[in-house]
Structures are given as C-alpha cells and as structure tokens.
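Visitor: Let me begin by handing over the structure; questions about it come next.
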C-alpha cells in the first residue's frame, strides 16, 4: 500500500515529469516517488543556546525517516532568543515569531505537499508556533523539543538564566558583590538547551506530552544527552507510522486533550504564556476554548511540583524524579486527566501511562503526591475588574501578600520603568503600570522579565505590584498581572490610569481594580486619543494590524 497520500500530487503522472527532474537533482531515485515525503522543520540556530543543539536532533530524525522507508525533506524555521532580546526593542519580535514560525511550517508543508512533518524546536515561541501550524494544516506531525539546559552553579547555588536577570537588581541595590555578579553572569548557562526552570519553553514542551503530540519523557531530557538524540530518532519513526495510519493532529488535539495539557501546566507551576499559547492552539484547531476554561481547570488541579521560578528545582531534576509521565500518572489516578485521549503513538494516554508507578519515588522531592500538594489549587488565575474587563493573567500561589492597594507608577514603555526601578524611584507599596505594550500597542506583547527581575533583585518582590498589557517571561514571579485586556492602545481602562491613582490587586477575589469613580473615568475616556502606531512598515506593522486581543490568544488569523 502506498502512503504518499499528499505528495503524489507533486510526484505522480506524466504532467509531473518536470517536478521529478528536480527531485532527481536532489538524489532521488524512481522508487522514491512512491514513498511518503516527511518534512523536518529544523529550528537549529547559533543565535541562542536554546536552539544551538538542534542540528544533531534533526540529523537523527532525518536518518530515522530514511530507515523507516520515507523521504526526509529538511527546511528551516526561524527563532529569536527571548532571553537575549529581553528588555530591548527586539523583544517585540518574540510573540510575532510565533506567528512567523507557524506560517513558515504551513507554507513549506502545504506548498510541497508533504505527507507528514517532524517539528524540531527549542526557544519559547518555537513550541506554540510549531503546534499552531500542526493544528492548522492537520497533516500528520510530531513535536521534538530540543531539550533543557543543565543548571549552572556558583558558590554552591544552582543557577538559571533568571538568576542573571535578578542579579542585575541585586547588584544595583548593593546586595551583591562584583565577583558574584560576574560569577552568576558567566555560569548561569553552562550548556546548550532551553532555559532550565518551568519557564515557557519547558512549560509548553511538557504540556505537549499531555496533549499527545510529543513522546513521553522527551520534554525534560537535557539537550546535550544522548537520550535526547535517541528520542528525536524515535519520534521520527513514530511519525512515519502515524503517516501510514493517517493519524492527524486533530485526531489528537481535542478539547479534552487541551484540558489534559493545561492540567499538567497547573500541576507543574508553568508559565503564564501558556494561557496565550493554548488559546492560539485551540483557535488553530477550531476548538472552543476561552480564558474561563483556564480558571475552571485551576480550581480543580493542585500544584504538585516544586519547580523554579517560584520553587526549588529545574527540569533535569524533574526528569530524574520521573518526568512528566509521573506527574500525569498521579493526575490520572486522581481523575484529573482524560485517559481515553489519543496520542501520536496510536495508543491512548492511559495506555501510555500503564507502566508508570502510581506513587512517586521516595528519594525525590520534586513531585509531591496529590494529598501532599504544594497548593490545593492551580497557580494561573484569570483576574477581572474595571482595569481588565476582558481578563488578565497572574500567578497567584505562594504570594506572601496576596492583596495590594497602592499608588500607580505609570510608564508607557519598558525602558523607562526599568530605569526607575534601578534608580530606586519605586518604593514598597507602589503598583507599577506598564502599558501600550499589548498585541497592537507594543506591538507584540513584549515580556517584562527585566523590570520584574529588577524589582525582585531590589528586594521588593513581595511589596510592589506590576500590571501590564504586555506579557511576562515564564521566569517571572511575584505580584504581577499581565495580558490586561482591553489593552491601552484600543482604549482599555489601563490607558486611563494616571500617576498616583489607587489600584488594587486582589489574588483572593481575582480582582484588578482602578479605584477611581465612574464619572472621572468617563471624563478621562472622552479626552483619550489613540496614539499613532509605533511601526508603519515591516513585520511588526503587519502583526499590529492583524493581531486579536490577548484574551483571544493574540493570533493573527
């Protein structure tokens, strides 16, 4: 039986003789035209450690596709480094790159009539970009995560990239020596691989195991390890079998499997960015999913993993403790996962987890039993109020001060806010407002890791609030609220905040409130004028023109 269901459109028949001529130039033989064409979307790049170790994974996938009797077709996907662009204008391209990656994969797979695709990625937006593409085109596909970085070490302390961001605030506050500052800087990132805590890259890749679109254990492997290469090869073999079975992403990505993915995100203390990305993935798969669904799952799924940024451990520790399968087995036994969801292997999630122990190992402290959860409810909460009528997102677990009411310190760009923090112009009790940074206004919802880390480094993490219509890095923690919708650029209430206004952030009531009377707000609204777009040409201008609100995933189509 032939499995080239799609590629036959470009290789078969008399009229396709010129097409075959070009394939012959690539080394194809006549018998190859009856084999399926498998794309390898290779995100390898030397601009970031997150992607610098992907080539050997892609090479392993190519070899495995050949061994499985199919034709590998390699094409590239772009990336930017969130960590390197953080705190600069370059960060505005981060979320935009999610859309660009999705469009690149769609363009190559559809334009070349590929029968399946192995997506290999590393940095934060590689994962949602790839999964959006797979859900959109609905061609058999699998996601191969590049793997996590190993933790750095300095004077007996484990380090991640967030350690370096927080060191900026500590150093400028006089709380860290020059030696330690440089020691953290030089040792925070010791290997290739994505940032090591349960930040955005590890959050999304972990959730893909639960979604059913990545192999078990693959998300917590370290990039430098041989098992990561072996997993990439096995993923490619599984994908070829999925092509033979005609098992497509939308057979796997369902509302129930997204619930599984989000449940794992809650259980592991994952990134706020997951809210934005799963809204986008669901949209691509044409699944009814809203921010209210996150709140529904938060209320029933506890946090059972002690992982950075708010906890102690990193992804390699989680891997040693049993990985995401161990987390999923605990959730499944507690009735918190849909075990009948299909996975890319052709087996159900429950079948995949059959041999995983029901009790986590006693010699580890990363994964807690359900009855010993760190928090009884999930950490990613949807806040609403007159400052966020369409919702905002916050991490609410572990806060020493879950309610803050304080004067607004208003900034219309990130750099001004960061300067104020580093210059000690932000005081305990203040609520920093960073606005005109939403999908349209930023554009691109840049992440605010630099200012939030500076606040923590200054020792103000428990006493200063920060709200924004932009985003936060997965490495952010503290009294911070992002994804405020409607955003300032379209006239959301956040645009009407004035310096010194009283603002309340209440994690108990899930409230984000500007304490100004309605008459005054109406007066301000009547006087407000939309600012001119920051960009009028190029990809940022295109994104700003097309982007939907944050509560709809900030998608472009």
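Glycine is treated like the rest: Cβ placed from N, Cα and C.
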Visitor: Using only what Swiss-Prot says about [2Fe-2S] cluster binding by 123, 195, identify which of 50, 305, 341 is listed for that site too.
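Guide: Answer, per Swiss-Prot ([2Fe-2S] cluster site with 123, 195), from 50, 305, 341: 50.
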Visitor: Which of these, 389, 414, 447, 462, does Swiss-Prot say binds Mg(2+) at the same site as 82, 124, 125?
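Guide: The record-listed residue among the candidates is 447.
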Visitor: List only the single closest residue to residue 123 ([2Fe-2S] cluster binding site), chosen from the recorded positions 82, 447, 473 by CA-CA distance.
Guide: 82
Visitor: For residue 195 ([2Fe-2S] cluster binding site), write down the residues of its own chain that are at least 6 apart in sequence and whose Cβ falls under 8 Å from its Cβ; none is a fine answer.
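Guide: Residue 195 ([2Fe-2S] cluster binding site) has long-range Cβ partners 50, 83, 148, 149, 160, 161, 162, 201, 202, 474, 475.
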Visitor: Counting only residues 6+ apart in the same chain, whose Cβ is under 8 Å from the Cβ of residue 125 (Mg(2+) binding site)?
Guide: 79, 80, 82, 94, 95, 97, 98, 101
Visitor: Quick check: with 82, 124, 125, 447 left out, which same-chain residues have Cβ atoms within 8 Å of the centroid of the Mg(2+) site Cβ atoms?
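Guide: What remains near the Cβ centre is 80, 91, 94, 95, 97, 123, 200, 201, 273, 473.
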Visitor: Between residue 447 (Mg(2+) binding site) and residue 473 (active site, proton acceptor), what is the CA-CA distance rounded to a whole number of Å?
Guide: 5
Visitor: Using an 8 Å cut-off from the Cβ centroid of 50, 123, 195, can you name the remaining same-chain residues around the [2Fe-2S] cluster site, in sequence order?
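Guide: Other same-chain residues near the [2Fe-2S] cluster site: 48, 49, 51, 81, 82, 83, 122, 124, 149, 193, 194, 201.
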